[in-house]
């Protein structure tokens, strides 16, 4: 269309939009032609058309005096689109309204909150405890929110928030202010017959899913009455059943009878707890139920500590009214926490934990409570049972209930300080011994599992002593039982006593003609190897280094027991690489290099992953130092592999190129040095990846701010030319000119003397290579020609 026609149509549409009912008229005009049948369905599903209409409605026309004035006129009409009664056009208008609200909330959050979200949520805000309305001045029985208005508000919130599915901070924050009222409606609908139950449940679950985990936990605590992050329903307001299957909110008459008031309060709290547990039963797959259960256990620990600090509950004559109220609130909070924990244990405890991290946090909460207040008094038996169950859970994990990886052991190591404290402070000797044995088993990654750990695991899993589960390799190690049935395979974490029982059983069996098999991966480590693994964590550096050297010698000798436990040995070596003592970490580096040269396909990917992504929770400097040590390991492996390093060429070069872009200058220089040595080893096998290496080296040598890094970049060129020698002109034919120009630039423009020296050495290498190519050495040859 011509420009004048577009301007005129836009002017007429803007004028019509600002009149009463203009929004609905404009939307009907744009959607004209799709007013029935399949056309309406297609228009409702055409999100592009809805987005276009939303952009038109959210853009302020030139005729309007100000943006706020435009929002003041248009926003009520947009909210009216949610209430279209025509069933055919309702879906189209609701989609347009939802998209428009979300678009306005993104473009102008403050205006959208004032003119869209607050009017949308006003029926729920009106009866909140944070409302400015003086509910105390209203007569008992006054209906604050009628049934139709409340039902329409809940449905509008469902359409905008849940169906719109935009988890911006503005929408989450505005919805959080009314979640307490929505939860009260959900709790009421759960106890009665009401159509509001499903929409309220969907609204609550949507918020808990979209919000950050800490925020969701704070909201759940507020809904349970443990925090004030969520404004709840006003104390004077009550939800009552409506005549159309919905609900209304009215002002309740004050109850003068104290017993009746207490009964109503307790009944309401129980109803809220049951509703909260029912809500959490839908959040078990996401792990939110487990996190909230752990949060409640931590609250229980805090309450226990407070009880220890203030054990005297008797009312003293000199106490003030404020102190009495504080004591009453503390006791009420304690009862509420106990009620929550009991309800969660009863309803969702069987599937509440979804990963090893939640199990660790649960055990840590129980151990912290045991360390803070050892079991004494009338509740000592229950506390001791809870502690025994938590420690048995850890023993079951170590004893083969699940297959643990090295990352799982790093999570379980968070329990080591608590177990150590428990082994010194808990009054029960058996619990002390089990805590100490669990600490040893975790630190040695299950290689050294004392008898108490195996006994506790068997008791927790309900199996006979010495029985385990199959190892990851799937190698069966259990012999047929006397009854003829095949016993379950034994796990490598089984206890020494069980190992002795199995040895006794096997000694009575008829000897086979085949030789004695080598120890399998799921058998316990021999006593000498166990001592070495424990000594590898010795606090004294000499003892630790000696143990690491001995383990490395076992790898060199290809000791069968040591090679079967290669994963544990690798983990021990890698953890000692981070040690600050040079003798210790050099011994660990030697061990990792020897192990990697034996099993490069299994261990090199682990080393490369750690080199590229250091462990979380370490400082930048510590992570850089650890990565440099791992770089030294990789180079030792490269030297040991020789020509076989070609099949690992790309991941090695990619790791060193990423290290060359690290913020730490020392790590950049180390990565470039490793890259140069690797290129020297690869020689003509570099292939097309030489382009990436050349670009990286050129950029760093020209632009890096640190002289040490530029020096390392030029040194890569020196090593590359030395490694290729006479093949340099063939392998580097596409980049040789760029390298020559780089070296000449460094010689003329670089201010660092060492870098210039490296560049001159590289130019000399290049000059030697070119002279050999252009002027090959003349040799005398004897030729015999047979004349015809």
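The backbone N, Cα and C atoms fix where each Cβ goes, and this holds for glycine too.
Annotated features in TrEMBL:
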type	residues	note
DOMAIN	17-286	domain 'TANGO6 HEAT repeat'
REGION	459-525	region 'Disordered'
COMPBIAS	471-485	compositional bias 'Low complexity'
COMPBIAS	498-508	compositional bias 'Basic and acidic residues'
COMPBIAS	509-525	compositional bias 'Low complexity'
DOMAIN	529-644	domain 'RNA polymerase II assembly factor Rtp1 C-terminal'
DOMAIN	735-768	domain 'RNA polymerase II assembly factor Rtp1 C-terminal'
* Structure fact -> DSSP tally for the domain 'RNA polymerase II assembly factor Rtp1 C-terminal' (735-768), helix/strand/coil in that order, comes to 30 helix, 0 strand, 4 coil
* Near the domain 'RNA polymerase II assembly factor Rtp1 C-terminal' (735-768), which same-chain residues lie under 8 Å Cβ to Cβ, leaving out any that are not at least 6 residues past its ends? -> 690-691, 694, 697-698, 701-702, 707, 710-711, 714-715, 717-718, 721-722, 728-729
* Could you give the number of helix, strand and coil residues in the domain 'RNA polymerase II assembly factor Rtp1 C-terminal' (529-644) as assigned by DSSP? -> 95 helix, 0 strand, 21 coil
* Local confidence of the domain 'RNA polymerase II assembly factor Rtp1 C-terminal' (529-644) - pLDDT mean -> 80
